Amino acid sequence: MEDNMLLQIIDESGRFVGEVEKWLEEKHLSRCGFDYSVVTVLGCQSSGKSTLLNHLFGTRFQVMNSQLGRSQTTKGLWLGRDLVEGQGTATIIVDVEGTDSRERGEDRHTFEHRAALFSLAVADLVVINMWMHDIGRATASNYELLEKVLAVNLELFQQSDESKRTVMLFVIRDHSEMQTPLATLETMLEDDIRKIWTKIKKPKCFEDTGADDFFEFHTIGLPSFFASLEDFRKGVQDLRRKWLTSLRPAQYSRRVPADGFAHYCKSVWDTIVHESQLNIPSQKEMLATYRCEEIKSALLVETQPKITAKVNQAHHGPVPDLQGWGNNLIQQVVAAYEEPASRYQETVYLKKRSELINALCDELQQVVEAHLMHIKTSIAKDFSKQLDARFAAIGSRAKLSEEWVNFADTCGTAEQDSLRQLREAGLACSVAVPGDGPRTFDVSHTLQSLTDALENSINRVRQAQLAAFKEALQGPISEELTQIDILVSQTTVAKEVFWTMATDAICKAKEVAVQQMSESWKGLTRRVVVNIDHVEVSGGSSSTSAPPSGAAASEGLGEGLEALVGRECVKEARTKLEHFVKHSLDHSIIQKFQAEFEINEDGTPRHWPDISQERISQYFLKAKEKAMESLGTFITFDVSLDKVIPGYSDPTGEVQRWVETPLLTDTMKAAVQTRIERTMVKTCQNAQIMRASGGSKNSLANVPWWVWLLLLLVGWDELMSCRVFIIYVVLGLAVALLVAYQTGHQRAVNQFASKAMGFAYDAFLLPNLPLINSLLMGSVGGGGGQGATTASPADDHSRNIPTEASNKKTE
């Protein structure tokens, strides 16, 4: 590693060899005073420490060529300086030989400890380079080394009250946020450091202190350098900005001027080298640790292809005799480990044996989970089919109610049985460890996945049953809301009274429906909590309770029973009233008008020949006014929602729209009013004709022939305009009527004739009514017969008032 920008200060044998003072002078660092910083990096061999430093600070530390294999690259300790920073505060970088080096063998621990302590003693920022998959492992994560570092670092600085905290940055390599969130890893590291700090023996003056009193911990994650180079570079740039803006101190935290840094480094190294307690663990224990770890790692590497192949097989379907295969694998690996490893120190040998078995079971866990996922899918499908078969086709309403009441219990029992099947399948995968007995696998993840699938099936069926429940509500609601039909037939009820009575009828319907359906609602909306041993049913204790979250998120089924029934009652009442307004309102008002116009107060029909035209007009106006009052009753939907649905929730605004939307729009009101007034005018005109004809003691049958001739002449143009059509129509009708009469349909022929006479009346007689009236009165009055009467001036005046509409139509 030859580069005039770099300097080796500690060689691989542990000697301080670097001319640091000269190097600082050449790099224009000796005159910086306190305006510089020091960064060191620790981590296992071939973990990319030098690569990280080169990208982060622009240095050119030698990196490993992975094409030639994985071996030691950095030997000893090397110095470099930040080349990216430019004219800013200088940064000195210390690249440290990686830990866990095969080349050093059993002598590596002492050098690793010394190098780590040196890094802590001189650095503002100590970078701990770790693989993400090594976090949580005692050896691979250097937790044993970190424990020594914390303990000895505490002793080295216990006499200096002015020592500032060292910034320790954990860089998690090959990090994937999707696989494990950084926050989770950071929490794990904090917990491990806290445990390590609790274990170390501290001087009395520091017994109540924590690791945070001596270190400032930070954690970042970097993507894989080889798999995601661009993401790696971006992460390094983010780390550099963090270093420049927040991690880097304004001045060197150890308060050593730059021109004394070389002497300081040598003094610290000499102090560490002569610290006798760093000679532990003993040579025998170190040898046992090294060799047992080597054997264990080799066996895991050798076994990995077999496990990977079995995982791939399990992804395509259940593995036959998985338990037998797992037992054979465990026995072979344990036997291969025990033969050479049992010669070393027993405590280390047993510890590494346990680690080997745990690591093997962790790998086998993947096979078991993939295997159980197929069984889980099959169980979930059977469960779904079972529920569908149970609830798909339920017969009578009584059967529906019975099934709904027991819905939660039925689903809970079936779910418990399904979970028990999966648990038994998981136990069937357990393996026997020689000397340790059976080892079971964690099936909690698969159980949770099955639970979610079963809950989805339950909620799907529940939602369908809630929809059916909502339809079933229509029966009792419709039965009780017949009172609305009775109310609209009572034409004399005032508006305020009508809507008060309508609201009461809706409340009564709601009360009856809630009483009838409450038990079914409780059964459908109870939440079932299931595990292998028991079923716990909760919720649904009140008729106003809501169904479980997600059970029915649409169509208003996510509310309480009383609110749901209240909404349905209001909706049904409005539907009935809309139908009445559309099809029967004008008929109801006309009936009210006719009752008022044609009936005396004592209930007898009025005899129009004895009533003057002025009185007829008065009766007409009075009856019309009273009848039209009913029209105002049905313009708006004035049901009291607060009384029907107290404290109702209306997130979609649907209920409010029912109230705010008029039953009778302006256009509909105008159309209804036109039809009603037309019929009222016809009724009044009929009364006028009866009065005019009945007053002479004659009828239309006694009208002189020349009057009918005159009527024919007046309507001649109308007859001629459709003469051809009339000929064919008359001939066709004549033939049809004759056939119908001969085949025994005399009643139908009579009804048709009546309708035809009515049409002739409206089309020909009614438009010429004023002329006929004047001719009849002239004929009767000028004839001088016994029955002749003379109309008074008041009669002549009042005659014109009710026939105004007819005059307009004649025009």
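Keep in mind that glycine also has a Cβ here, set from the backbone N, Cα and C atoms.
What TrEMBL lists as GTP binding site is G43, C44, Q45, S46, S47, G48, K49, S50. The domain 'GB1/RHD3-type G' annotation in TrEMBL covers 33-265. Here TrEMBL flags 786-811 as region 'Disordered'. According to TrEMBL, the topological domain 'Cytoplasmic' annotation covers 1-702, 748-811. Marked as transmembrane segment by TrEMBL: 723-741.
Taking the features listed in TrEMBL, we show where each one sits on the structure.
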residue : record           : Cβ contacts under 8 Å, 6 or more apart
S47     : GTP binding site : G98, N129, M130, W131, R173
G48     : GTP binding site : V63, N129, R173, F225
K49     : GTP binding site : V41, L42, G43, T74, D95, V96, G98, V127, N129
- Note on the structure: Note on GTP: the CB centroid of G43, C44, Q45, S46, S47, G48, K49, S50 has further same-chain residues inside 8 Å, namely G98, N129
- In this predicted model, the topological domain 'Cytoplasmic' (1-702) has a mean pLDDT of 79
- Task: Please compare the binding-site residues Q45, S50 by how many other CB atoms fall within 10 Å of each one's CB, and tell me which has the fewest.
- Result: Q45
- Note on the structure: Counting across all protein chains, other CB atoms within 10 angstroms of the CB of S46 (GTP binding site) number 20
